[in-house]
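J.: What follows is a single structure, and I will ask about it in a moment.
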């Protein structure tokens, strides 16, 4: 009789499961440390101040992109459009500056607004249009990339000084690193401290329970995707700033890097679990691998194999984590 | 009920979208007397192919042909579908710039069967007949780049190579030409070869990383201008002074960089000429004239000395 | 009956962890006879059935088929021995045809292709066995539930089932459909098929059964003929003094003010024209059979589902249909039917789960009030005696009773004054049940009002000040605590015509 099938009272987990749970919860951090130690041993060029700053710059785009995706994945969805939205936002910003003659800071704002708007469209389609977010954002991936090409006619557009500033240095510190840190703090604050952030965990964990508790699930979903679009736009502007131009083919395929970073960082694709700190670590893992493979001059064919394996291992941790939770 | 209604909605939307896009594409309505030439490009997501299209368009307008341009978005399957669509009575000739030389073979064979002449441009077609193959000589261009870079660094020092998308023929040929060319300079060593996937942002990161491991580098060869510009970005002030960068393609941005001195050279393919020649070959094939099986478009080493001729 | 039983469960026992759900029970299934299993939810009926079906294996005792001991390690083994079970959740593929469903796993082929003619012919033969007249090419999903059930019975018989186990087959059927089913059962009995029958409808037992095994708390209490009067069956089933188990006083001392008014509420296909009032300090029980529309009604009041007509008013404020947030703001709290699927975010902490309803209302400028939330959660967890290591552990790791208290606690923190309880003690052990009943009393004593839907009739009778009985989506009658007896409720719940409004 299921009705009398009570769960056994909680018992102290034995040591094996405790170790398994620690590894599962901190797998990305352990992996990152192992990776860094291995690279430190393999090449003297890895652990230098300059190289670490380089890694900081290189991680900025994918990490900022991944912050937005973290919101979506925590809320139980997926956002495949972030790479295209990043490109579109930087292109719109560039167009307003170069072709429409808007002041640089207004053009920058227009870029951010573009990301926000595409995110709202994604959110409306998935929350009210009842499209699976996979489909809604897949459509947006194509539409946003197409609009980028329409606006640019396939050619790069120079960016405003304000956007270029995002790619420069302030004293010894690169601006992308500063932006990365600020974005991480904001994203973490939103996720941990605000009502909408905490609601994301409930919506991702069990949308029906969240709804029956009186949480405005649909409004939360729209906010989630809007945030994802906004962070994608910021990532796009960062990338444009580093290249001093908005590229029509910028950030192609970056959505997969962003999702990989989030998952490596310990979020569950099933929703309800994920942290910004984890996402930073996940993005670092990806970038450090690429950096290390460059330093070691590993051929490009093998690089793809290595990165694929890392993602597979990370998803394996996700499965392990869920097993230790329920087991 | 609801599913019926949503099906109807989707059908209506699809029809609207189709109608709208049809309206966008057919800016000039085809005249029956004009020969119709379909230009199937691997991608328009790259200035090189945009310039190729522009050259072809200008020539078609001048010769009174109706040019229909389709973009395969770097997807062989999309290109196959587009070529299948082109295989119709209203098409007189097809110019194809394959996404993949092998994959396009079957589609071109079908066009051969319909007796529609096919001209290949930039990349060749394997396993089917083409009336003409028009391309820049990538191997020769690679050699020219090696010479230009060697001259700029005085035949001495370490250089790095930024490779294109692994496995593409452009990357293979340019890399091979560069390797052959640079072998003539015993003072120069290639200390690293890494892919940056023909992408500017990737090249920025990869070059930054490579400079970390090889601080003494004095030259960079990139297999296209986009990557060369990424390398310039990574080098910052050192570009054009301590470190010389040579690119390939002669895109607008690349030419501008040569003019500004941040790049020492680019190998100008002349994409506009590629497009122009392709249209000429296609029209000649329609008319039944003799067409040369292979036509090379000159690649030109663009340096500070002759950049004025290329700048727009 | 002296003939050898087809199937015997001999002195079987079964425990899940520390809980013994079946203890030393013997059941015989004879050819050409219908053995009824009767008992409250949790008495052990489903576990017995699952032992017959090979889903559960007994911890003690033996299973005998034709007098020989057998092992039933899985469903397939049971089927091999001719034991077929028709579960409440039918085991059919809605998108396939009747013929394909009947012949599932045994589709005839010719030269590797499906032999459609043979497929139809064999399926037709199977349907004819029970006189079921449906098109073998119809999609099963397009058939009504009653016909789907008969298709499944035909499917079972076509694999030579000699023992047919029917788990609450009439729960979702209309009276006409039930009669049709009973005609098929009578035919099968005449053909020598042995059957096991579970039903909560006491009136069906005399009509269909031969012998009745009454179960209570996992024990066999008595085996009696199906002709035994219903009162006697209920006495055997419940067996204990209801007053002790249900600590409800004699109802509200004074007439409280009206807090919830439902007027003419209708939702196509679920319920229609429902009106009632609930006062402060009152528990209104809603009884009825599964499928009578009780859960749907409760969800509509809570704003979880939209409705077609009517109004819900809480303390004079009319609620917007389909808006849970508005209902919560008006003081409505909803403890849903399935706490794991609808009530809790299982991987989130107890603290988080207790706070969802008050997340926004206690926030300042969009920022969560963490300190206050923790204080409130710890306080309410203490009051409700939620047993846990600490308040940050995932709610998943709590026992069913404590999980249920966490759902209650959410509304206690929110200060909800109208609680809608859907099966509040389902899957909760006896001790926690009493604690939940005491909580209900505490809420009403504090001026709250409660609407409680429960399929456990003794619970409805023991805890309600008034009982509404629903049948086929309508109110069949209203009974005061004094009038409400098993018989009175069941009479209303199973009567064919809907009586006038109360």
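Glycine is treated like the rest: Cβ placed from N, Cα and C.
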J.: From the ranges A:131-152, A:197-218, pick the one that TrEMBL records as transmembrane segment.
T.: A:131-152
J.: Counting CB pairs under 8 Å, which listed stretch among A:53-74, A:80-98, A:105-125, A:173-191, A:220-240 touches the transmembrane segment (A:131-152) the most?
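T.: Comparing A:53-74, A:80-98, A:105-125, A:173-191, A:220-240 against the transmembrane segment (A:131-152), the winner is A:80-98.
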J.: Examine the transmembrane segment (A:80-98) against the transmembrane segment (A:220-240) and state whether at least 3 Cβ pairs sit under 8 A, considering only residue pairs 6 or more apart.
T.: yes
J.: Apart from its near flanks, which chain residues at least 6 from the ends of the transmembrane segment (A:53-74) lie with a Cβ under 8 angstroms of it?
T.: 82-83, 86, 119, 133, 173-174, 176-177, 179-180, 183-184, 187, 190-191, 197, 200-201, 204, 224-225, 227-232, 234-235, 238-239, 242, 251, 254-255, 257-259, 261-263, 265, 267-269, 271-276, 279-280, 282-284, 286-288, 290-291
